[in-house]
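Colleague: Could you have a look at this structure, given as structure tokens, before my questions?
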């Protein structure tokens with residue numbers, strides 16, 4: 001089968017940095033145990049499973065505060081999505097060692113919110129409700145940050161502040177953000193704009209919007225909790241006009257999706273391990289509609305291949 005390997009795809013620098021930070025923590029014998037990650041370090045189950053094998057445990061829950069309530073000792077790692085100042089303070093009050101793996105692009109948004117609050121602004125924040133990145137951002141200044149996910153949410157806003165700025169979750173689709181920002185401008189004509197689509201997210205979305213046009217089908221390799229992976233599938237369908245499916249790994253690929261397909265495009269979310277994507281590409285490249293011997297789907301990437309290699313400190 002013809003395979004278009006969409007480029008760029010896969011890991012971004014923020015994800016790699018977060019994984020290296022966590023891997024170094026696993027190797028650092030001076031850190032108090034146990035070591036916990038507050039939520040998924042990045043939104044990919046293969047990564048969290050691999051870290052558990054390294055002795056780093058992922059804790060889950062509806063929000064970071066409730067997750068932190070599960071921890072009474074040891075070390076906590078804040079994920080790439082960032083956390084609120086309240087979470088940091090509680091971790092400190094509990095006497096926990098805290099390691100920060102927040103993506104620098106997320107930190108920029110937190111800094112912006114602090115600056116805007118100091119200058120008397122209210123902030124409209126476009127993001128996905130229930131996602132940890134907006135949770136952390138809103139938590140920076142909950143009294144002046146208003147979370148919206150849809151144009152309908154914008155219509156329900158009732159903000160009387162004279163100074164208003166709109167920003168967004170870094171992994172949103174730039175097209176989604178544009179439409180919601182236009183709605184904000186319609187309701188609040190004097191609003192200021194500060195779009196925060198991270199460059200890695202933007203170039204991956206743009207690559208899909210152009211390169212997927214040449215395919216009959218797009219396969220996005222990414223975890224169901226990965227917002228940027230889900231957005232890539234959305235971009236393929238809504239912008240490139242190409243049907244898309246998101247899969248966690250090769251085991252989730254359905255052969256019936258390939259019926260009548262001559263060319264398939266493959267991309268991956270920013271938190272998807274490269275070996276997982278390569279396995280999908282290899283299968284599709286050898287797949288032949290006429291040869292049943294090429295139809296067997298078998299996911300075989302071992303956990304020790306998932307994490308970046310880091311040298312132990314001497």
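The backbone N, Cα and C atoms fix where each Cβ goes, and this holds for glycine too.
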Colleague: Among 81, 178, indicate the single residue that Swiss-Prot lists for the isopentenyl diphosphate site containing 43, 131, 226, 228, 271.
Modeller: 81
Colleague: With an 8 Å cut-off on Cβ distance to the 43, 81, 131, 226, 228, 271 Cβ center, who else from the chain surrounds the isopentenyl diphosphate site?
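Modeller: Other same-chain residues with Cβ inside the cutoff are 40, 42, 80, 133, 171, 223, 225, 227, 229, 269, 270.
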Colleague: Quick one: of the recorded positions 131, 133, 271, which has its CA closest to the CA of residue 103 ([4Fe-4S] cluster binding site)?
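Modeller: Comparing Cα positions, the closest of these recorded positions turns out to be 133.
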Colleague: Taking the Cβ of residue 12 ([4Fe-4S] cluster binding site) as the centre, count every other Cβ atom within 10 Å, in any protein chain shown.
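Modeller: Its Cβ shell of radius 10 Å holds 25 other Cβ atoms.
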Colleague: Given the binding-site residues 12, 43, 198, 226, 228, 271, tell me which ones have a C-alpha lying within 10 Å of the C-alpha of residue 133 (active site, proton donor).
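Modeller: Hits: none.
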Colleague: What count of other C-beta atoms do you get within 10 angstroms of the C-beta of residue 228 (isopentenyl diphosphate binding site), across all chains shown?
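Modeller: For residue 228 (isopentenyl diphosphate binding site), the 10 Å Cβ neighbour count is 26.
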Colleague: At 10 angstroms around each C-beta, which of the binding-site residues 170, 226, 271 has the fewest other C-beta atoms nearby?
Modeller: 226
Colleague: I'd like the number of other C-beta atoms within 10 A of the C-beta of residue 81 (isopentenyl diphosphate binding site), please.
Modeller: 29
